[in-house]
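**Q** Feature table excerpt (TrEMBL):
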TRANSMEM  88-121  transmembrane segment
TRANSMEM  161-182  transmembrane segment
TRANSMEM  194-212  transmembrane segment
TRANSMEM  239-262  transmembrane segment
TRANSMEM  283-302  transmembrane segment
TRANSMEM  308-327  transmembrane segment
Amino acid sequence: MASFACFVEISRYNLIPLSVTSLCGCPCRLLSNKTLIPTRRTPKLKLNFVFHEPKSVFREVDQGAVLPTTKDSFSELQHKSSQLRKRIVFGLGIGISVGGAVLAGGWVFTVALAAAVFLGAREYFELVRSRGITAGMTPPPRYVSRVCSVICAFMPILTLYFGNIDISVTSAAFVVATALLMQRGNPRFAQLSSTMFGLFYCGYLPCFWVKLRCGLAAPALNTRIGAGWPFLLGGQAHWTVGLVATLISFSSIIAADTYAFLGGKAIGKTPLTNISPKKTWEGAVVGLGGCIATSVVLSKIFSWPASLVSAIAFGFLNFFGSVFGDLTESMIKRDAGVKDSGSLIPGH
């Protein structure tokens with residue numbers, strides 16, 4: 001035991017040789033009550049004390065192998081703070097960009113939505129081709145996935161131009177299904193089902209935002225903001241029911257997600273569903289309250305809808321759609337075996 005020596009490194013300069021017995025008998029009792037017995041596998045053992053700010057870190061080095069050390073709370077806090085700032089910056093950037101597109105309406109809003117739809121479709125078909133899903137199914141060919149992403153991007157534009165795209169969507173689905181059935185090898189039903197769902201989920205459903213924003217062209221006459229809106233930007237006629245309804249919907253969905261997250265962190269205990277274990281009933285209730293409150297407050301500001309019951313119902317519908325869409329994406333990500341569906345927007 002006396003020949004088995006270790007070293008204590010203090011401030012990287014002074015080396016003090018100590019025996020194991022004297023180290024174990026130290027009043028600070030760094031080695032607790034455990035007896036250190038050398039074996040043939042570990043002929044040399046060196047213990048280092050490396051002092052950092054704001055606290056010291058204990059490292060055990062065994063033949064050049066460094067074992068995991070205690071995490072520095074300061075660096076961890078700094079990392080979380082950086083992530084929070086990143087979320088806030090990108091969140092504000094997204095909010096300002098989306099708000100500007102919604103206010104502009106028309107082709108600006110539609111093209112912006114088409115770009116978002118294209119990116120969403122690309123992410124969806126990448127998830128379909130991931131290892132987690134392909135372990136139990138045959139994914140569609142890559143060229144089919146790319147063609148479907150382009151078709152999804154054109155759907156909002158066709159909706160603005162024609163107003164109704166049922167025939168166009170049906171024709172596109174027929175062409176894609178024919179391409180899948182005529183491919184070489186053995187066509188699979190999983191290919192057809194995942195592709196048809198992608199066209200519906202990523203392309204057809206977002207087109208209702210175009211119908212909501214651009215289709216409801218009736219002016220919101222009671223909106224005070226519209227009365228003072230500059231004439232060069234469209235005047236009062238620019239503030240339509242579709243614009244007000246879209247702004248309230250976007251704001252309510254953001255509020256539902258934010259309040260649900262904060263409520264789940266604070267008091268969440270009961271899991272909402274196995275699809276997403278982190279979501280809780282308590283968070284959902286808080287999110288519902290925040291969504292309805294946002295809808296009611298904005299309805300008073302924009303004077304639409306005029307009825308309090310209608311504003312509450314509108315908030316409830318927005319919350320239900322938000323939760324349904326979130327759980328659907330969580331189900332796809334769970335089967336794909338990934339945490340995030342995309343990395344384009346950091347922190348979101």
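The backbone N, Cα and C atoms fix where each Cβ goes, and this holds for glycine too.
Unlike curated entries, TrEMBL annotations are predicted automatically.
The shown structure was predicted, so the numbers you read here are calculated from the model rather than taken from an experiment.
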**Q** Can you work out which residues elsewhere in the same chain, 6+ from the ends of the transmembrane segment (194-212), have a Cβ less than 8 Å from its Cβ atoms?
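**A** Cβ under 8 Å, 6 or more out: 109-110, 113, 116-117, 120-121, 124-125, 128, 137, 139-140, 144-145, 148-149, 151-153, 155-156, 159-160, 163, 165, 169, 172-173, 176-177, 180, 242, 245-246, 249, 328.
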**Q** Hey, which bits of the same chain come close to the transmembrane segment (283-302), Cβ under 8 Å, at least six residues off its ends?
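**A** Sequence-remote neighbours of the transmembrane segment (283-302) are 220, 223-225, 244, 247-248, 251-253, 255-265, 267-268, 272, 308, 310-312, 314-316, 318-319, 322-323.
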**Q** Other than its close neighbours in sequence, what residues sit by the transmembrane segment (88-121), given a CB gap under 8 Å and a spacing of at least six beyond its ends?
**A** 148-150, 152-157, 159-160, 198, 202-203, 206, 209-210, 213-214, 238, 240, 242-243, 246-247, 250, 254, 342, 344-348
**Q** Going along the chain, which residues at least six beyond the ends of the transmembrane segment (308-327) come within the CB cut-off of under 8 Å?
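**A** For the transmembrane segment (308-327), the far contacts come to 245, 248-249, 252-253, 256-257, 273, 275-276, 279, 284, 287-288, 291-296, 299.
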